[in-house]
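Student: Pulled these features from TrEMBL for this protein:
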type	residues	note
DOMAIN	B:24-253	domain 'Phosphagen kinase C-terminal'
BINDING	B:27-31, B:His90, B:Arg124, B:175-179, B:206-211	ATP binding site
Amino acid sequence: MICQECNERPATLHFTKIINGEKTEVHLCEHCAQEKSEVFIIEGDPGFSINNLLAGLLNIDSGFQKTKENSFPKHEILQCDVCHMTYQQFVNVGRFGCSHCYETFKDRIKPIFKRLHSGNIVHQGKIPKRVGGSLHLKKEIKELKTQLQTLIINEEFEKAAEVRDRIRSLELQLDSKRGESS
Amino acid sequence: MTIERFISQAVSSWMSAEGPNSDIVLSSRIRLARNLHDYKFPTVFTVEEAKDIVTNMAESLKYDERVSSLELLIMEELRPLDKRVLVEKHLISPMLAENSNYGAVFLSKDEDISVMVNEEDHIRIQCLTPGLQLKEALEKASGLDDTIESHIRYAFDEQNGYLTSCPTNVGTGMRASVMMHLPALIITQQMNRIIPAINQLGLVVRGIYGEGSEALGNIFQISNQITLGKSEEDIVNDLLGIVYQIIAQERSAREALVKTSNIQLEDKVYRSFGVLTNSRIIESKEAAQCLSDVRLGIDLGYISNISKTILNELMILTQPGFLQRYAGGPLRPNERDVRRATLIRERIKMENQNKEEN
């Protein structure tokens, strides 16, 4: 049999593609198969991606939680109010439908995040200014408190006093912000 | 007309500059994944919502000096071959080119900034720098992020950080990566030991075209795996720490090779140079390998009449999309091999002529 791509070399690779139930036989020589894979198998390949692997991970997880699941009435399906994605759909595609899914699937995704991010479950990075609001203050206070501990251990009390005053003033700012928003 | 500018030349202007450690590190990249607060994610959104997001982005960037120069390209308006060329230049992802719903990209003139819209997430900001300049890339990406955020409300919460479509990106939404040329670690068979070690440290090693691709021409991409629970700066510092160690290992492997088998190495380099300058048919894998050998030859001082940039250029020019673009139409794989050989020969000849004239 001759390769269907170049019509020159003998076909050494034979496989069957089934798309929407339609069967197609593919016969390629090694050369063309390589060229083809070079064309099609690149980043984000929809054929097999991180999301496929993820779906496996998520499925295992729902297996572990069976006992918990059984305590709910059987017909109850966990579904996001906003995008209507069900937990099962999320498991299948490995992607969320909208930001509200994070809230809807909250209890189930925590162990998954832990596994994916080496045990971490709380964001430590950048905070957007617009959404951040008092988060920036909270972050700074937290950092200063760590700094304060180090200064006390090192017996640098003068600097420690400065940091303590800074923390107090930030805490006051935080309180007034809370007052504004309530 | 605008697309022409991005596909007519293989090397983006940022690439022709030499960055720090550019004997081993080709480029550094920061990618930030962001989503808009009020819209469903690309997995489930409607075409109307998708279009709305592109319009929203274009509108909000228009009035900002820092980003108003970014050029907008809509995927559906591009020819498949043009999209492929943008992929080969790493300006867009294959996913945006092939599977996006009303996908678009904002590109800077220098091609060092690309903002993809409606890929896996609503927004993906990407900043590229030559050599090892991750911190600089982060600063640039973060600045652009602040600008976009001043117009658009992001999906964010205190616990999870930036909310992304895929749980592997949640938190910082950041992927930092470094493209490294590691021929000596391959020749001395050390890479097989290094890759699992890197993986254990929460980093990922991939081939040049990312997930699922092999290391063509001894080029590896190393990036962070974890995005939650660490700050952007910590992620970059952790990655840099490992990259510096790999650079040191590659350099000492190169030194050792020169010491123990200088003539064999020189022979390998010149044989590859011979193949590139004389072959009439060359497959992409062989071309990539030969280009890698010649690049190593330049770094070691064996070859001096050819610049490193030409190799960056040829790595991209010899990809199927570019070859077909130059041929002006689709080519069969065997035709591509012939074109590839011709193109490489001509390009090197041109380089030699330029050198002689100077």
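Any Cβ shown, glycine's included, is placed from N, Cα and C.
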Student: Over all shown protein chains, what is the count of other CB atoms within 10 A of the CB belonging to B:Arg206 (ATP binding site)?
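Tutor: Result for B:Arg206 (ATP binding site): 19 neighbouring Cβ atoms inside 10 Å.
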Student: Give me the mean pLDDT over the domain 'Phosphagen kinase C-terminal' (B:24-253), rounded to a whole number.
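Tutor: Summarising the domain 'Phosphagen kinase C-terminal' (B:24-253) by its mean pLDDT gives 90.
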Student: When you measure from the Cβ of B:Ile30 (ATP binding site), how many other Cβ atoms are you left with inside 10 Å?
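Tutor: Around B:Ile30 (ATP binding site), other Cβ atoms within 10 Å: 28.
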Student: Only counting partners 6 or more residues apart, tell me which same-chain residues put their Cβ under 8 Å from the Cβ of B:Ser177 (ATP binding site).
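Tutor: Sequence-distant Cβ neighbours: B:Ser28, B:Arg29, B:Arg31, B:Gln221, B:Ile222, B:Ser223, B:Asn224.
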Student: Return the residues near B:Arg124 (ATP binding site) by Cβ distance under 8 Å, restricted to its own chain and a separation of at least 6 in sequence.
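Tutor: B:Arg31, B:Leu32, B:Ala33, B:Arg34, B:Ser93, B:Val115, B:Met116, B:Val117 - these are the non-local Cβ neighbours of B:Arg124 (ATP binding site), listed in sequence order.
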Student: I'd like the number of other C-beta atoms within 10 A of the C-beta of B:Ser27 (ATP binding site), please.
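Tutor: B:Ser27 (ATP binding site): 24 neighbouring Cβ atoms within 10 Å.
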